[in-house]
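Engineer: Structure below; questions to follow.
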Amino acid sequence: VGIVGKYGTRYGASLRKMVKKIEITQHSKYTCTFCGKTKMKRRAVGIWHCGSCMKTVAGGAWTYNTSSAVTVKSAIRRLREMKDQ
């Protein structure tokens, strides 16, 4: 049951399984990219705050890093490396 026990038997099992996966990722702590500590928590939709270095950043709605953001960051890093050569 876990985090979706608050819904009881309502909404169906498959929907509760999807919500469970989302809520677990939403409420978990993430590693801060600035200080490296596991203190990044979600404050609101897309707003993430580090309790250690007190930085507030914009991220994904349910996870700190979205897959598209990771793709863009790696492309930018690759282009910078090509520019430096």
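Every residue gets a Cβ built from N, Cα and C, even glycine.
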Engineer: When Swiss-Prot marks a stretch as zinc finger, which of 10-31, 32-53 is it?
Structural biologist: 32-53
Engineer: Taking the Cβ of CYS32 (Zn(2+) binding site) as centre, how many other Cβ atoms lie within 10 Å?
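Structural biologist: Around CYS32 (Zn(2+) binding site), other Cβ atoms within 10 Å: 21.
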Engineer: I'd like to know which of the binding-site residues CYS35, CYS50, CYS53 has the most other Cβ atoms within 10 Å of its Cβ.
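Structural biologist: Most Cβ neighbours within 10 Å: CYS50.
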